[in-house]
Amino acid sequence: MFHRIEEALEDLKQGKVVIVCDDENRENEGDFIALAEYITPETINFMITHGRGLVCVPITEGYAERLQLEPMVAHNTDSHHTAFTVSIDHVSTTTGISAHERATTIREMLNPASKGADFNRPGHIFPLIAKEGGVLRRAGHTEAAVDLAQLCGAEPAGVICEIINEDGTMARVPDLLQCAKQFDIKMITIEDLIAYRRHHETLVTREVEITLPTDFGTFHAIGYSNSLDTKEHIALVKGDISTGEPVLVRVHSECLTGDVFGSCRCDCGPQLHAALAQIEREGKGVLLYMRQEGRGIGLLNKLRAYKLQEEGFDTVEANEKLGFPADLRDYGIGAQILKDLGLQHLRLLTNNPRKIAGLQGYDLEVIERVPLQMPAKEENKTYLQTKVNKLGHLLNL
């Protein structure tokens, strides 16, 4: 249904337009996107004729500073915090509204010699400032346009236009597919662009290494930062893992209540201890401790989910009632850490098939799933049964 990111990049490099869709739980819309560097009056005319939306120009913060583009409003109350600046026209234009003059304004924005005084305000081009980090920080069309431009090796600026149906309603995926077919345009998703960047870019940095004696044995501890957020992760390494042989690995998501306080609501603490003990017995392995509290929703939201469970909701229903997916974890950062450690073939300590799929999506091969089942307790029987019934965990209860 959708095209590969590589196909879209090739078309963009040729000055063509692509369609980019965002998540159905976000705006659930599609935009025409082109590279600002290659913009022509013909492309602008195509967008306004067949897209019918507002023509905007996503740019980096650097462009906005050079052109002295102030925010459109002092207090942005837009639900998605779209970073509009004041609208502009180049001083050489007349009304600024024609396709030719809009293309002129866009091209002059990219002119290194241009400065703020070269543009009238307000105007008919609407710059948008993309978040640093692109779609990995904000999954919007603004960031997608700048990311695509950078991936093409072009100036980090795009031209976007929302696609509206002839009856005035927003075009959704079925409409967008028809549009893409009609005009022979590549169609991609922001979700796929995020996955592409996670797969092709190095997002983790090895910060510090120490020797860590524990009750289970002595491990080589390696601390990692990442460029997506402020979360810091740690890998506990045992023995020589550089032989190329499959390595026993446990990817453990942080659980303060279970790991530290010994909560009986879950089996996280016992799993952590059992994994460390098993790696120690084998004399070789890795425990990767990921700061993904509460399956990615954070500590306070996990406690809120616990409160809902006390009211009769199960662990999945509680997450969804709070507005989160059942499992918000992403294994891209963890996969990059494992690859930084030189691992390729894993014997994965897990009961979760989704974790296997999540890691294998990043060119890691799970040779064997090693079960890690803990005895159920009265307090967590329902929780564990829900993980089996709704999350597909492989447990014998």
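Cβ from N, Cα, C; glycine included.
Sequence annotations record features per position, and here Swiss-Prot assigns active site, nucleophile to R329. When secondary structure is read from DSSP and collapsed to three states, R329 (active site, nucleophile) falls in the coil class. Neighbour density for R329 (active site, nucleophile): within 10 A of its CB lie 19 other CB atoms from the protein chains shown.
Per Swiss-Prot, D-ribulose 5-phosphate binding site is recorded for R26, E27, D31, R138, A139, G140, H141, T142, E162, and the stated evidence type is sequence analysis.
DSSP assigns H141 (D-ribulose 5-phosphate binding site) to a helical segment in the three-state reduction. Taken from Swiss-Prot, the feature Mg(2+) 2 binding site applies to E27, H141, supported by sequence analysis.
Among the features that Swiss-Prot reports, Mg(2+) 1 binding site is placed at E27.
Sequence-distant contacts (6 or more apart, same chain, Cβ under 8 Å) of R295 (GTP binding site) comprise S253, N319, A326, D327, L328, R329. According to DSSP, R295 (GTP binding site) sits in a coil region rather than a helix or strand. Sequence annotations record features per position, and here Swiss-Prot assigns GTP binding site to R250, V251, H252, S253, E254, Q271, E293, G294, R295, T315, T350, K355.
The Zn(2+) binding site annotation in Swiss-Prot covers C255, C266, C268 and rests on sequence analysis. When other Cβ atoms within 10 Å of the Cβ of C266 (Zn(2+) binding site) are tallied across all protein chains shown, the result is 22.
Per Swiss-Prot, region 'DHBP synthase' is recorded for 1-199. For the region 'DHBP synthase' (1-199), the model's pLDDT averages out at 94.
The region 'GTP cyclohydrolase II' annotation in Swiss-Prot covers 200-397.
Per Swiss-Prot, site 'Essential for DHBP synthase activity' is recorded for H124 (among others), and the stated evidence type is sequence analysis. Counted within 10 Å of its Cβ, the other Cβ atoms near H124 (site 'Essential for DHBP synthase activity') come to 18, all protein chains included.
Among the features that Swiss-Prot reports, site 'Essential for DHBP synthase activity' is placed at E162 (among others), with the record citing sequence analysis. Spatially close to E162 (D-ribulose 5-phosphate binding site) yet at least six residues away along the chain are E29, G30, D31, G51, R52, G53, L54, M170, judged by Cβ distances under 8 angstroms.
Largest CA to CA distance in the GTP binding set (R250, V251, H252, S253, E254, Q271, E293, G294, R295, T315, T350, K355): 23 Å, whole number. In sequence order, T257, G258, D259, S263, R265, D267, G269, Q271 are the same-chain residues whose CB sits within 8 A of the CB centroid of C255, C266, C268, the residues recorded for Zn(2+) being left out. Checking each of the recorded positions (H124, A139, H141, C268) against E254 (GTP binding site), the C-alpha distance stays within 10 Å for C268.
Set side by side, the binding-site residues D31, E254, E293 differ in how many other CB atoms lie within 10 angstroms of their CB, and the most is found at D31.
Across the fold, the C-alpha of C268 (Zn(2+) binding site) and the C-alpha of R250 (GTP binding site) stand 12 Å from each other. Of the candidate binding-site residues, A139, H141, R250, C266, E293, the one lying closest to H124 (site 'Essential for DHBP synthase activity') when CA atoms are compared is H141.
Each residue contributes its Cα atom, and for R250 (GTP binding site) and C266 (Zn(2+) binding site) those atoms are 17 Å apart.
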